[in-house]
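**Student:** Just lifted these from Swiss-Prot, have a look:
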BINDING   Asp73, Glu104, His107  Fe cation 1 binding site
BINDING   Glu104, Glu164, Glu198, His201  Fe cation 2 binding site
ACT_SITE  Tyr111  active site
Amino acid sequence: MLTGKMKLIDRVSAINWNWLQDDKDAEVWDRLTGNFWLPEKVPVSNDLPSWGTLTASEKQLTMRVFTGLTLLDTIQGTVGAVSLIPDALTPHEEAVYTNIAFMESVHAKSYSSIFSTLCSTAEIDEAFRWSEENNNLQRKAKIVMEYYRGDEPLKRKVASTLLESFLFYSGFYLPMYWSSRAKLTNTADMIRLIIRDEAVHGYYIGYKFQRGLVLVDDARRAELKEYTYELLFELYDNEVEYTQDLYDRVGLTEDVKKFLRYNANKALMNLGYEALFPRDETDVNPAILSALSPNADENHDFFSGSGSSYVIGKAVVTEDEDWDF
């Protein structure tokens with residue numbers, strides 16, 4: 001018996017995908033379902049030899065980066081994407097958010113697959129303990145959670161777009177860096193699958209934010225624009241400290257900060273706003289951009305189901321005589 005109060009929707013209409021109010025809902029749904037993947041199909045165990053070439057400090061860095069990403073995916077899967085559902089303008093938009101929430105949980109599980117393959121239980125426990133104690137990681141989680149739990153739908157979409165299109169990228173840098181040096185290439189292939197999903201998520205939520213702006217007056221639009229840049233500055237300052245804490249020891253901090261600024265501009269574009277950082281502050285290491293590209297060594301195809309590491313069994317019809325040896 002339920003003892004607490006639970007607010008339930010008292011009436012739901014059957015969703016009709018043959019009648020669309022916004023064609024973008026079906027377009028993004030088809031993209032996301034066509035891109036569906038699971039971490040168990042990526043042979044991360046093939047990375048054990050190159051994992052063994054990393055120093056203890058490099059291994060610790062990699063695990064902490066992935067644990068930080070796990071936290072963001074957990075937030076987005078269980079709170080962020082779900083918080084957008086009540087304010088959806090169409091039932092199809094609601095359905096897309098449920099897909100996004102599910103895939104964020106798949107992403108979170110992906111990092112556990114990497115950990116269980118490459119790391120010991122003690123190392124895994126240490127990494128998760130670190131994630132609970134790192135002030136900058138917990139601070140960015142707190143910032144976005146405040147807006148997810150607030151009562152302003154458009155501000156929720158801004159926070160969600162910044163998480164999807166900006167906050168993940170201090171973590172995404174490292175596997176692309178290793179991949180550009182022919183290390184952890186199967187792990188990088190999995191991360192590319194995640195990045196491909198996040199790119200669609202950020203684009204879609206930003207698009208829905210722009211649709212929402214049309215429904216408010218000029219004063220409200222100006223207020224939301226100011227809010228967006230203020231929130232980005234707050235998150236960026238915290239992200240710089242987080243990046244320094246992680247990457248100073250390996251001398252990659254300045255490169256990662258360029259990658260952050262590059263993706264901050266992309267997040268603003270998703271929201272319909274102009275870039276904040278000038279081009280000379282966003283000149284990302286070409287090796288990183290190459291590792292991100294669909295033509296990277298792993299031959300990842302961003303527009304089909306998976307990268308070359310992704311393994312799906314093929315069904316073949318057999319007859320009795322095929323089993324006569």
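Placement of Cβ uses the backbone N, Cα and C atoms for every residue, glycine included.
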**Student:** What Cα-Cα separation, expressed in whole Å, is found between Glu198 (Fe cation 2 binding site) and His107 (Fe cation 1 binding site)?
**Tutor:** 10
**Student:** To which of the binding-site residues His107, His201 does the lowest count of other Cβ atoms within 10 Å belong?
**Tutor:** His107
**Student:** List the recorded positions among Asp73, His107, Tyr111 whose C-alpha is within 10 Å of the C-alpha of Glu164 (Fe cation 2 binding site), in sequence order, or say none.
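**Tutor:** So far as Cα distances go, the recorded positions lying within 10 Å of Glu164 (Fe cation 2 binding site) are Asp73.
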**Student:** Specify all same-chain residues, apart from the site residues Asp73, Glu104, His107, whose Cβ lies within 8 angstroms of the center of the Cβ atoms of the Fe cation 1 site, ordered by sequence.
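**Tutor:** Close Cβ neighbours, site residues excluded: Thr70, Leu72, Thr74, Gln76, Gly77, Met103, Ser105, Val106, Ala108, Ser110, Ile194.
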**Student:** Within 10 Å of the Cβ of Tyr111 (active site), how many other Cβ atoms can you find? Include all protein chains, please.
**Tutor:** 26
**Student:** Starting from the Cβ centroid of Glu104, Glu164, Glu198, His201, which together make up the recorded Fe cation 2 site, report each further residue of the same chain whose Cβ lies within 8 Å of that point, ordered by sequence.
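**Tutor:** Surrounding the site, in chain order, are Gln76, Ala81, Ile100, Met103, His107, Leu163, Phe168, Asp197, Val200, Gly202.
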**Student:** Any idea what the Cα distance is from Glu104 (Fe cation 1 binding site) over to Tyr111 (active site), rounded to a whole Å?
**Tutor:** 11
**Student:** Looking only at C-alpha atoms, tell me how far His201 (Fe cation 2 binding site) is from Asp73 (Fe cation 1 binding site), rounded to the nearest Å.
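**Tutor:** Just about 12 Å between their Cα atoms.
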**Student:** Compute the C-alpha separation of Asp73 (Fe cation 1 binding site) from Tyr111 (active site), stating it in Å without decimals.
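**Tutor:** Rounded to a whole number, the Cα-Cα distance is 10 Å.
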**Student:** Would you find the one among the binding-site residues Glu164, Glu198 whose Cβ has the most company, meaning other Cβ atoms within 10 Å?
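**Tutor:** Ranked by Cβ atoms within 10 Å, first place goes to Glu164.
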